[in-house]
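Asker: Sharing a structure, written as structure tokens. Questions coming.
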Amino acid sequence: MNVDRCWEQYYKTLKLIYLEENKETCQREIDHLVDTAIELKEKTYSNAVLDLGRQFREVCPKARIMWKTSSIAGNFYPPISISDIYSPVIANVFDQTTRLECRRQEYSLRMPLQEEPNFTGIQQHAQVSDCSLVVSLININRYKTTMPVVKQVAENLYATNLYFNGAQRRLVLVSTENIPTMQDDPTKQMSVHSANKINKILELGLLKLTSLSYHSEGSNTAIDTYRLCGWIPDISSINEFNFLKVHKAFSRGECLIAMGTGGFVPKENIFGVKLRKYHDYAVLDIDMINEVVTLRDPLISDTLLTINFDSIRKYFLQVYCNWDSSKLFMFTKDTQIFYSDKKFNPYQTLAGKPTFYLKNNSDRDEYAWVLLEFHLDKNNNTTAYLQEIPDRISTVRLGYNDNSAETGFQLIKIRLKPKQCIWYFCYSSTDKMLTFHTYSTSSDVVFVRSKMPGCDFDVTECAILPENIVPMQYPNHSETDIYYLASIDFSIEGEPGITIITDMVVCLETDDDLVNFQMFHWDDLDFNSPIYDEFYMNERMFEKKDLPLTSGERYRIVASTARPPISKGYQCAVSGINIHADYPCSYKLRESDVRYNSMMFKLPHVFTLASTGITKISLVNRNKYNKVFMRIYPQTQEDYRYNYRVISADTGEDLVKPGNNIQKLYGGIVIKEFLVSDQTNLELHLSFQDNGRVPVELKCQLYVGSVKIITLS
């Protein structure tokens, strides 16, 4: 029996149990492995198969997520330890064969990696743009315990575990067979200079992971160090850097430090070694007495730079720290979510975004850090961040000023008071798997995804239906045509009579739409008395702040646009402050078509109304009992007066009190709910008078709402 084939089938089954949802398929493959183990009679293989059976029985959703986020740019990096590598055939199952790009013509040869046993120190190759990676190698070589373990799998094939995509031990296979080599001098290769071959292998592994090229861009030392050894990345501006505070941690071996320049460096050589633009330097020492920092340029291994604090602040832009979580915290926990751009981002507000709370359940102060990490995949041009939610979420727009939002990592540090709870929202500019790493000094500190409690916030999102688009006017602004967009039933539930200071926003999907909304009391069916009379249109988003609303009351929100909307959906969100905290209240939003008085069955009808007679509309009701509401909207700005009757088509009896000399209000002509019984069919009679001599015809829209179905005759 071919041992390598047995191991290859083992690794295929290992992959299957985490990626295949069909348990029967997985069980058949495991049973086959058991038969193979019995026949092979090899202890290591038998133990591995037994452990695989245990993994299958204990597989959990979190483990599946880790496996399903293993693919990056055609390579598959499973979350398994290098201690689980038993055969080189593992490379056949977990394909990581993509070769690094090299654009240097003088390095056109491809040869196996050569060692440099006599080289002193660690030095970046001049043609490889990975200064941050080499600085990371310089730093972690000073702490041998942080060095990743590298295992040889076969000739010119090595394996290591790196930290990325939410996992602490993703398998990275590194081929050292095809290293760009100088055509004119085969002793020179594009590789970091080091006597330790492990540094060369780690460079290859990280370059393959992040850029698939020897010409990488966009990384920094904090991120590269995290991926190599898992120490928490902390990126800060040089102006925020506290030399004294960090020096204490640095001297205790709790952190690694690097510094990066920006676009401004001195032209002259004033430090013995000329500073380079946009370049990272390893920090080897901080002398608080003389206020100087000792740095190493990764391109020059045999020379140190000594720079005083003032010059550091003048010529350096950022500080990169990496913290040893095992020395700072006792507890860690990871939380994963998939952020859907389609689901969470159609509206540029915080409403509807994923929300989390960080809470200290203990009776004393506790420290907690939360590290957001977005997963590498086919699209890494992503902005992602976690941000504290203000008291009034609905009116706060998206935006984050921290450059770390574009690096794939963001670190939040906080000291939590006893029982303190802080709410956060999450944003990503694209579809992205995100991991939140929580580090804390107590198990009483929790980071949980949850919807915010009711009184603080509520939101509804709905589609815009094409038939909604009917010209209307606002009260006191009848000269301006607007288009009905949507209406929402809004209430504040709780102890009646409590004043809630409320913010409200209606947001559309595109900036090309101009939007407004008005609010009315529930019984104001004519929409003649808006709670505030403020008519103007805003691009995409209209918001009102500090509305003093009352619990126990119901309101109607009517949104409109300046022209037929381009957006296919809208969002309405509210938040507020309960000034009587002893009486909890909650918001409730529900889409409710106010044109039909929120009734279940809706019958729209467009007709023409002439000034020369009475227009009759016949309606069929086949129900023994029904409740009916009507709204008639003549599409005109003229101040005509209207008459209406609703009668039984069978007896001619009036079913509602006739309306005479009625003025069309903002909500049109409203015929309030009335009862219909005994399968009575209806007739609506409508007329108006025009004082002019020329006959006039008006286009009208009829909205009939009912408890049970009604149709046109």
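Placed from the backbone N, Cα and C atoms, the Cβ positions cover glycine too.
Quick paste of what Swiss-Prot says about this protein:
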- Cys131: active site (ACT_SITE)
- His279: active site (ACT_SITE)
- Asn308: active site (ACT_SITE)
- 74-325: domain 'Calpain catalytic' (DOMAIN)
Asker: Check Cys131 (active site) against DSSP and tell me helix, strand or coil, would you?
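Answerer: For Cys131 (active site) - judged by DSSP and reduced to three states - the answer is helix.
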Asker: Looking only at Cβ atoms, how many others are within 10 Å of the one on His279 (active site)?
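Answerer: Neighbour count, Cβ to Cβ under the 10 Å cut-off: 19.
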Asker: For Cys131 (active site) and His279 (active site), what Cα-Cα distance in Å is obtained after rounding to a whole number?
Answerer: 7
Asker: Within 10 Å of each Cβ, count the other Cβ atoms, then let me know which of the active-site residues Cys131, Asn308 comes out lowest.
Answerer: Asn308
Asker: What is the interatomic distance between the Cα atoms of His279 (active site) and Asn308 (active site), given in whole Å?
Answerer: 18
Asker: What does DSSP say about Asn308 (active site): helix, strand or coil?
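Answerer: For Asn308 (active site) - judged by DSSP and reduced to three states - the answer is strand.
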Asker: Which three-state DSSP class does His279 (active site) fall into?
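Answerer: Reduced to three states, the DSSP call for His279 (active site) is coil.
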